[in-house]
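Below is one structure, written out as structure tokens; comments come after it.
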Amino acid sequence: MVSDDGGSKNSLLKKILGFGYWVQGLRCFPWMAVNFYLKDGLHLDPSSLQILMNSANLPMVGKPLYGVISDAVYINGQHRIPYIAIGVLLQALSWLAIALLPPSTMSIPVISLFLLLSNLGASVVEVANDALVAESGKVPTTSKKSETSSSSGQLQSFVWMCVSVGGVLGNLLGGMVIKRYSPQFMFLSFGILLVFQFFVTVAVREKSLNLPKSSSSSGIRKQLSELSMALRRPEIAYSIAWFAASFAVVPILTGTMFFYQTQHLKLDSSVLGISKVFGQMGMLVWGSVYNAKLKSVSPRKLMSMVQATTAVLMLSDVLFVNGTYLKMGIPNSVYVVIFSGLLEILLLFKALPFTVLIAQLCPRGCEGSLMAFVMSSIALAMIVSGYLGVALASYTGVTGEDFSGLPKAIVIQAGCTVLPLFFSSWIHSDTRSPQLQKQKNKKKN
């Protein structure tokens, strides 16, 4: 009976996490509409669009604070589910406001405020969900290495695939819906889904999720102290530093490429949607392959391989922009769907082995704080990357009408992508937890 009850609780946890991460992946649906709304409705140029979109991610930088609060401050005896509900509610309010307010009231400052509010809610939800994954993915320190690796990677792979499925559906629907309906319709549809998620979440009690026993609220000061001690561990600090830097030093050109594909090449929105679907399918396949074959491979080797592959594919974009593939008989739409879709998402392939690594290294009790710090570091790195992309476009003379400098910008981008490979030794290569390593060292002595 006990095992059956535990199994049903684990099943409920997977359902809650699966639905939450699926909705998280589906966020690309309204955000695709935001791109077209800013370009066609508010008439932003590529640099302004990219600056606004990256600045909207600023709430993501506050994730360590949200993580510390969720670890330390309990609401009605719970410290994960209530924060998921609050975050979902903030997102629902922001998207419904953008959808229902009169268009005449929608200026750049107003929509920026609502996008910030949406990302604030998304940040809180992601922190709580990531903490649930880290907590439930913990294994006893007496487990064998193979058991540890399997337990730590299985749930991460599951939620990774849920995000990917949500991304596939969101991009596929987004590419089709944006042709037939207004962006406001897409905002309204996603807002209604979030309202449904809110009511599903508040109906769940945290004690029914079979989470590891933890002490009651330990106080924010103590939680900050534990986070600080965790970050002083070299295997954690250096791994996070490399991972964040591997994003920050690469100038992204998303705004420029969006204008190049829609304004210069006149590609249909459905092509862009299918392109993103192809990228999400790649993530889904990667999650399945990792779960089946690659969990025992060193995280350092996997992440370095992804970084190098990304740099090579970036150089392929130079041939695309120069028209080489078109001369070879490959239509622009085919290249965008296959290669651009995969390239846009490829750098994120590093996230799966990295989150498994950090979940193993994370000390018990500060899962929310540490995972939030990791995600905050990535968010800040992506913002820096976006601003560097704007600077790179300006340096190479790329505008909404002139793309002659785009090949040069892509070559510089590829060169920057290679840089993190020179200090990949910062990535911790042993996926065993520190406690297991200490036990092994004691046996040797």
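Heads up, residue numbers simply count up from 1 along the chain you see.
Backbone N, Cα and C atoms are what each Cβ position is placed from, and that goes for glycine too.
What TrEMBL says about this one:
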- 81-101: transmembrane segment (TRANSMEM)
- 158-178: transmembrane segment (TRANSMEM)
- 184-204: transmembrane segment (TRANSMEM)
- 236-260: transmembrane segment (TRANSMEM)
- 272-290: transmembrane segment (TRANSMEM)
- 302-321: transmembrane segment (TRANSMEM)
- 333-358: transmembrane segment (TRANSMEM)
- 370-390: transmembrane segment (TRANSMEM)
- 410-428: transmembrane segment (TRANSMEM)
Distal contacts, the transmembrane segment (302-321) - CB-CB under 8 A, six or more residues away: 243, 246, 260, 294, 332, 335, 339-340, 342-343, 346-347, 349-350, 353-354, 403, 406-407, 410-411, 413-415, 417-418, 420-421, 424, 427
Outside the transmembrane segment (272-290), six or more residues from its ends: residues with CB under 8 Å to it: 25, 28, 32, 153, 157, 160-161, 163-165, 167-168, 171-176, 178, 258, 261-262, 336-338, 340-346, 348-349, 352-353
CB contact flag for the transmembrane segment (410-428) and the transmembrane segment (236-260), at least three pairs under 8 A: yes
Proximity verdict for the transmembrane segment (236-260) and the transmembrane segment (158-178), three or more C-beta pairs under 8 Å: no
Folded-back contacts onto the transmembrane segment (158-178), same chain, C-beta under 8 angstroms, at least six residues removed: 14, 17-19, 21-29, 32-33, 36, 129, 133, 185-186, 189, 269-277, 279-281, 283-284, 287-288, 290, 351-352
Intrachain residues whose Cβ lies under 8 Å of the transmembrane segment (370-390), provided they are six or more past its termini: 47, 50-51, 53-55, 57-58, 60-68, 70, 123, 126-127, 130-131, 133-134, 227, 230-231, 236, 240, 243-256, 351, 354-355, 358-359, 362-363, 413
